[in-house]
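Novice: Would you mind keeping the following structure in view while I ask a few things?
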């Protein structure tokens, strides 16, 4: 049984190394971007925020897997003796299983934040409070998690497993619906841009559509699984379901399917292979979804730059006319 946790550990450590490499690469390209503008683009800030949160989530999950792997032989015998009795050891293991999932949830919400920004920008709606709303929602979720953690520790009314799984179920279902909604809005926005003659490189619409469907489906499945675990933790697990009840098999399915796979897909989407030399140059990166976020933001940047260029031309023309008039007046006088 330890073999399953060992496989998880290898996969997550590998992803840790890859994400850390990308984080270091983005740090080196940050100053390059700042040379061209006083503030980094929304796509760059979103990429940095997601990579850091995803790295934190993967590190916490890796640590939790190491502890679960080392303690599973002891815990399996201990659970047979205590059965469903509440104890500090069981509470600690529930914390190890659920806390990294909450950090993953925060990293996925960054994608929703970015797509919402792109959508509202495309329909000319200002959203100055969007980041504050994003921070507030995440703070509320962590606050409820901490309250449930404390209540379950000092009270036997509800187990920490049922409280945390209920919170994860609601949160993951909500984030999956939000990601699907704004993802479809972004696809519609890009489709209209393509129809109007805007050139979108690297089949960006197809890649955004894939990301819009793939991740919400997995996150919705995670929400349903957490809901089922919440119900069964209260009424008791059926005999046929006990093989997935806090066992290496059940943990591996959840960790790999709903945390590892979505993280890989989104990390590849945020991957930046080449440092941008100008503000409007997008990088293809690696894989089938690479460059998605840079292309979306650069589409808006190019549109705004195009109109700004004509505005600058008009201002220069007016200045030239004004200079000619002043010169003519001096000659007459």
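Positions of Cβ are set from backbone N, Cα and C atoms, glycine also.
Source: prediction; values computed, not measured.
The domain 'THH1/TOM1/TOM3' annotation in TrEMBL covers 83-277. Summarising the annotation, TrEMBL assigns transmembrane segment to 6-24, 45-68, 101-120, 132-154, 160-184, 208-241, 253-271.
How buried are the listed features, and what sits near them?
Specialist: Only residues 6 or more beyond the boundaries of the transmembrane segment (6-24), in the same chain, are considered here, and those with a CB under 8 A from a CB of the stretch are 51-52, 54-55, 58-59, 61-62, 65-66, 69, 251-252, 255-256, 260, 263-264, 267, 270-272.
Residues 86, 88, 91, 95, 98-99, 102, 105-106, 109-110, 113, 160, 163-164, 167, 171 of the same chain, all 6+ positions outside the transmembrane segment (132-154), place their C-beta atoms under 8 angstroms from a C-beta of that stretch.
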Novice: Apart from its near flanks, which chain residues at least 6 from the ends of the transmembrane segment (160-184) lie with a Cβ under 8 angstroms of it?
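Specialist: Distant Cβ neighbours of the transmembrane segment (160-184) are 90-91, 94-95, 98, 101-102, 105, 108-109, 111-112, 115-116, 119, 141, 144-145, 148-149, 151-153, 208-209, 211-213, 215-217, 219-220, 222-224, 226-227, 229-230, 233-234, 246, 258.
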Novice: What parts of the chain pack near the transmembrane segment (101-120), using Cβ distances under 8 Å and only residues at least 6 beyond its ends?
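Specialist: Tertiary neighbours of the transmembrane segment (101-120) are 42-43, 46, 49-50, 53-54, 56-57, 60-61, 126-127, 130-131, 134, 137-138, 141-142, 145, 168, 171-172, 175, 178-179, 182-183, 185-186, 189, 215, 219, 222, 258-259, 262-263, 266, 293, 296-297, 300.
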